[in-house]
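Asks: Just dropping this structure here.
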Amino acid sequence: MKNWLCQAVRGEPMIELNRIEELFDNQQFSLHELVLNELGVYVFVKNRRGEYLYANPLTLKLFETNAQSLLGKTDHDFFHDDQLSDILAADQQVFETRLSVVHEERAIAKSNGLVRIYRAVKHPILHRVTGEVIGLIGVSTDITDIVELREQLYQLANTDSLTQLCNRRKLWADFRAAFARAKRLRQPLSCISIDIDNFKLINDQFGHDKGDEVLCFLAKLFQSVISDHHFCGRVGGEEFIIVLENTHVETAFHLAEQIRQRFAEHPFFEQNEHIYLCAGVSSLHHGDHDIADIYRRSDQALYKAKRNGRNRCCIYRQSTE
């Protein structure tokens, strides 16, 4: 078996050839091709101009072409232009650095229109005498299913299954990151703690399905009123938090009031009975050392609102304590 194939399978970084064309004149290559056909990966060779000189049958099947028609074609012939940046950038990196490149490529093949993700390993092919990079050999593996599974697991680990908001773990992690940014950039940071009034009575009187409906409505309400650089999550039960970056406490209070009013106006029951919530609002203080400081104050403001008659919002003041 030719040295270049041995090196490619072992993943060695450098391949030296006198001429790429000799690969295809060698009668032994039919045996090598049998091995390439059974690898279950996409194998291809390109010259310095990005023109294909070889592709194994799996790659040809993806491109819906044959070995003869492939010759001289480039990635522009097989992938949509807006998907080529990752592919071409990796090729160029191989040509310029003379080093192997391992990266992920997200591409849509023109043949089937499907978005697939590939883990591509690209090795430079060097001229035996001059050491000039005269092409590359690539081995790509379709990892779409793995990436999708990874994303699903990430969602499961970070998302509340009922409301589809951040769960407690993800919420605290994002809150800590926002806290650090606010301290570093000396920007305001506000927190709204929200709790549905008498939620246990709703579950007891109307059932947990109705309670779930109320929670999901509130989650969608949050998503409809907060901007992209804010985030929210479910702390647990009927308690939620909204974190507003680069936002002063007065602006946060107005947002809390907007949420409270829209929630109170929604008729959850045929009897036209309404459900209410309370919110406590606080902001970053100069001496705060952790998100627990902000959260504690918003929680105190929340329970002051509940003590004062429910269905209201309260900003933390020193007198709140």
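Think of each number as a place in line: the chain as shown, counted from 1.
Cβ from N, Cα, C; glycine included.
Given the structure is predicted, the values throughout are model-derived calculations rather than measurements.
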Asks: Suppose a student reads Swiss-Prot and sees Asp195, Ile196 listed for Mg(2+). Which of Glu213, Glu238 should they find annotated at that same site?
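Replies: Answer, per Swiss-Prot (Mg(2+) site with Asp195, Ile196), from Glu213, Glu238: Glu238.
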Asks: Write out, in the order they occur in the sequence, the residues of the chain not among Asp195, Ile196, Glu238 that have a C-beta within 8 Å of the mean position of the C-beta atoms of the recorded Mg(2+) site.
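Replies: Other same-chain residues with Cβ inside the cutoff are Ile194, Asp197, Phe199, Gly237, Glu239, Phe240, Leu277, Cys278.
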Asks: What are the DSSP helix, strand and coil residue counts for the domain 'PAS' (28-98)?
Replies: 39 helix, 11 strand, 21 coil
